[in-house]
Amino acid sequence: MRTLWIMAVLLVGVEGSLLEFGRMIKEETGKNPLFSYISYGCYCGWGGQGQPKDATDRCCFVHDCCYGKLWSCSPKTDIYFYYRKNGAIVCARGTWCEKQICECDKAAAICFRENLGTYKDEYQSYGKSRCTEKSLKC
């Protein structure tokens, strides 16, 4: 019950591209992004350290690196627009930053879909304190 309350509180503060990213994840994987990816492994969710636990966690590591290259943008709050054409995500309209944030999110959502077969429930709600190996560099 406490976990649900914490997630509800987090949702209240979520805006901008995080909502769009969540929708992309749901569309690509069929999974609820809050329950499946928000604290998966060592890199999914806020922050990241250590070694990615599996291919899904590596998607999050690469996503973090992608956001890191956008130092002049606000990836978690800038709102972007996307649509689907023949099933594919198309990042559309907006500023350079908005389009780049969308491309980062698109790549991660596709990566999650491509690695659904390696997704492990044991890495859901994985404590970052358990990620003690030397961190990777982007």
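Cβ atoms here come from the backbone N, Cα and C positions, even for glycine.
Feature annotation from Swiss-Prot assigns signal peptide to 1-16; the stated evidence is experimental evidence.
Annotated disulfide bond per Swiss-Prot: Cys42-Cys131 (among others), in sequence order. Reduced to three states, the DSSP call for Cys131 (disulfide bond) is coil. A simple way to gauge crowding: the CB of Cys131 (disulfide bond) has 19 other CB atoms within 10 angstroms, across all the protein chains here.
Swiss-Prot lists Tyr43, Gly45, Gly47, Asp64 with the feature Ca(2+) binding site. In the three-state DSSP classification, Gly47 (Ca(2+) binding site) falls within coil.
DSSP assigns Cys60 (disulfide bond) to a helix in the three-state reduction. The Cβ of Cys60 (disulfide bond) has Tyr37, Tyr40, Gly41, Tyr43, Cys44, Gly45, Gly48, Pro52, Ala108 as same-chain neighbours under 8 Å, each 6 or more residues away in sequence. The feature disulfide bond is assigned by Swiss-Prot to Cys44-Cys60 (among others).
The annotation disulfide bond is assigned in Swiss-Prot to Cys59-Cys111 (among others) on the grounds of similarity to another entry.
The number of other CB atoms found within 10 A of the CB of His63 (active site), across every protein chain shown, is 22. According to Swiss-Prot, the feature active site maps to His63 (among others).
Taken from Swiss-Prot, the feature disulfide bond applies to Cys65-Cys138 (among others), supported by similarity to another entry. All protein chains included, Cys138 (disulfide bond) registers 10 other Cβ atoms within 10 Å of its own Cβ.
The Cβ of Cys66 (disulfide bond) lies under 8 Å from the Cβ of Glu103, Cys104, Ala107, Ala108, each of which sits 6+ residues away along the same chain. The disulfide bond annotation in Swiss-Prot covers Cys66-Cys104 (among others).
Cβ contacts within 10 Å of Cys97 (disulfide bond), excluding its own Cβ and spanning all protein chains shown: 16. The disulfide bond annotation in Swiss-Prot covers Cys73-Cys97 (among others).
What Swiss-Prot records for Cys91-Cys102 (among others) is disulfide bond. Annotation note: Cys91 (disulfide bond) sits in a strand segment as assigned by DSSP. The C-beta environment of Cys91 (disulfide bond), restricted to residues of the same chain at least 6 apart in sequence and closer than 8 Å, consists of Tyr80, Phe81, Tyr82, Lys99, Cys102, Glu103, Lys106.
The feature active site is assigned by Swiss-Prot to Asp105 (among others), with similarity to another entry given as support. In the three-state DSSP classification, Asp105 (active site) falls within a helix.
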Alpha-carbon spacing, Cys65 (disulfide bond) to Cys97 (disulfide bond), which is rounded to whole Å: 15
Cα-nearest neighbour of Asp105 (active site) within the listed recorded positions, His63, Cys73, Cys111: His63
Rounded inter-Cα distance in Å - Cys131 (disulfide bond), Asp64 (Ca(2+) binding site): 16
Same-chain residues at least 6 apart in sequence whose Cβ lies under 8 Å from Cys42 (disulfide bond): Gly48, Gln49, Gly50, Gln51, Pro52, Lys53, Asp57, Phe61, Tyr126, Lys128, Arg130, Cys131
Residue pair Cys59 (disulfide bond), Cys138 (disulfide bond) - Cα distance, angstrom, rounded: 12
